[in-house]
Every structure is written in structure tokens, then in C-alpha cells.
């Protein structure tokens, strides 16, 4: 298994600066990670720096609360793609899901899918805020909306990915939709446990630590 190709090497902190982006990009090149996941303001910079490599540029939409309008999320998506994004990680409208407004949640996801063209869309369900029934419903709505991946977490709420959530999400979406475990992979052991549970992508700031077989303290 090439665990490096599962990793979205992530830097989403509000106070991240260009020197940290440069380090992230160089590490992603060195380890041939699947992508770098960066905030929208850094997409054009990352895309230019990674041109000619296999490393994709991933960014976030409606992040981290998911509470912007669908039109805003669609605009963010188009803007990110124009700037060079290959993959879009959007946050669902969690409040609408919890109050049972399922069609609105699905339509919100679909707005981003339609805005993305042929680019990859991952939807973040923020599993730490949901009951198991809500997690299942969110994944079902995501499949209906035509997304490419479901993703556990933003890394900015009360918890990150768990093995049990990854298993439940994989069981719900079946074999043809990706599952991204985000937040919580601090070591190679963690990463392998998520893959064993059904993850096909891992969002983490500890990608280098994982590749070295070490354990990270803190981070995403």
C-alpha cells in the first residue's frame, strides 16, 4: 500500500503564512502526497508551485461552519477552480440537517457539485456534531447529490475522525464513493486503521510524521 497517495497534506489554520505553505508544498512534492489542502486564498499560489507534479490542489468551501448560502458556496467553488483547485471540500449545512430539512441539504450539496464541473467534490458532514442516524442520512443525501467523497470532519469542531464513523460512512455510501477521514490521524497506525475501516483519503497535517512512522503531537 502506498499510504502517501491517501494523504491530503493539510494546512487550514487561520494564521498560516506563506513560509508554512512553502514547507507544505515541498513536503507534498517530496512524499508525492495525493494533494495539499489549503485555504482558498492560497489556491493560486499552490497551483503555480505544484504545476508539473502529480500533487493535486484541494481547498475548502463554506468552511468551517457550512452555514453560508448555497449561492455563496457555488461562487466559492467556481472561484477556487478558476484559481487552480482540483478538489473541493465543502461543509454541509449542519443545522438544516439536524432540523430535518433534507431537501435543502441535498440541494446545497448539489449546488457545489454543479459548480465544480469535472472537479472532485468531497462533502464534510462534521460527524462529531451528528447522531449515527444523522450521519447515515447525510451520507445518503450526499450520494443523491452526486458527490465524489464524504468526509468526516473539518478539524475545527469538537472532534475529528473516528474509526467507527469511517466504518459507518463506508457502509452507508457503498464501494463507489470515497470516504475521507479528517482530523485524528497522528501516526501511521492511525492512518492504517482508517484505511482498514474504509477510508480512501486521509486529511492530516501530520503527513510527514506518518510517512516517517512517528507520532505527531497535536495538529489536524
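Cβ from N, Cα, C; glycine included.
If you look up Swiss-Prot, you'll see 89, 180 marked as active site, proton donor/acceptor. Residues or ranges marked as active site, schiff-base intermediate with acetaldehyde by Swiss-Prot on the basis of sequence analysis: 151.
Positions of Swiss-Prot features highlighted on the structure.
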residue	record	DSSP (3 states)
89	active site, proton donor/acceptor	strand
151	active site, schiff-base intermediate with acetaldehyde	strand
180	active site, proton donor/acceptor	strand
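Rounded to a whole value, the Cα-Cα separation of residue 180 (active site, proton donor/acceptor) and the residue listed as 'active site, schiff-base intermediate with acetaldehyde' is 4 Å.
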